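J.: Below you will find the structure I want to go over with you.
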Amino acid sequence: MDAEKCLRKYDIKVTKARLNILNLLSKMEDAVSAEEILKKFTEKDINVDLSTIYRTLELFEVKKIIRKIDLGQGEYSYAIIKENHKHILQCKICHKQIEIDCPMQQVEEIIKNKTGFVFVEEKLDFKIKGICKDCRKKMKKNMN
């Protein structure tokens with residue numbers, strides 16, 4: 001990801017802190033907290049204070065660059081929203097594949113509301129196998 005282009009695309013003023021935060025988030029496999037970002041910057045001798053990290057994360061969330069994941073008890077982690085993230089539905093009979101937009105954000109909200117369980121990893125790629133509409137029609141026709 002070109003962090004500078006991304007910031008300009010969303011009409012966000014380009015600053016060193018914003019570039020550093022966006023670059024770090026784009027390289028992370030899992031969601032991270034503001035404190036984890038600060039720790040990683042400290043390890044690399046990058047000087048950004050925690051309040052700047054929080055303000056930047058809030059701005060990125062408002063602009064829909066990242067999503068904020070509620071871990072409960074006032075704790076949050078943040079992850080880049082991957083554009084055009086898709087999942088695949090595959091028919092077990094004809095093997096036709098249909099791409100769908102990732103429904104995980106809605107699924108996560110339902111699970112959180114029903115159970116209090118929150119997801120902490122962003123890597124949720126899957127293929128769902130079932131029977132497509134056309135094959136179901138053929139099966140129904142053959143049964144009659």
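Note that Cβ sites are derived from N, Cα and C of the backbone, with glycine treated the same way.
Under the heading Zn(2+) binding site, TrEMBL lists Cys91, Cys94, Cys132, Cys135.
Could you place the listed features in the three-dimensional structure?
T.: For Cys135 (Zn(2+) binding site), the Cβ neighbour count at a 10 Å cut-off comes to 16, with all displayed protein chains included.
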J.: Here are the binding-site residues: Cys91, Cys94. Which has the lowest count of other Cβ atoms within 10 Å?
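T.: Each of the binding-site residues Cys91, Cys94 was scored; lowest Cβ tally within 10 Å is Cys94.
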J.: What count of other C-beta atoms do you get within 10 angstroms of the C-beta of Cys132 (Zn(2+) binding site), across all chains shown?
T.: 18
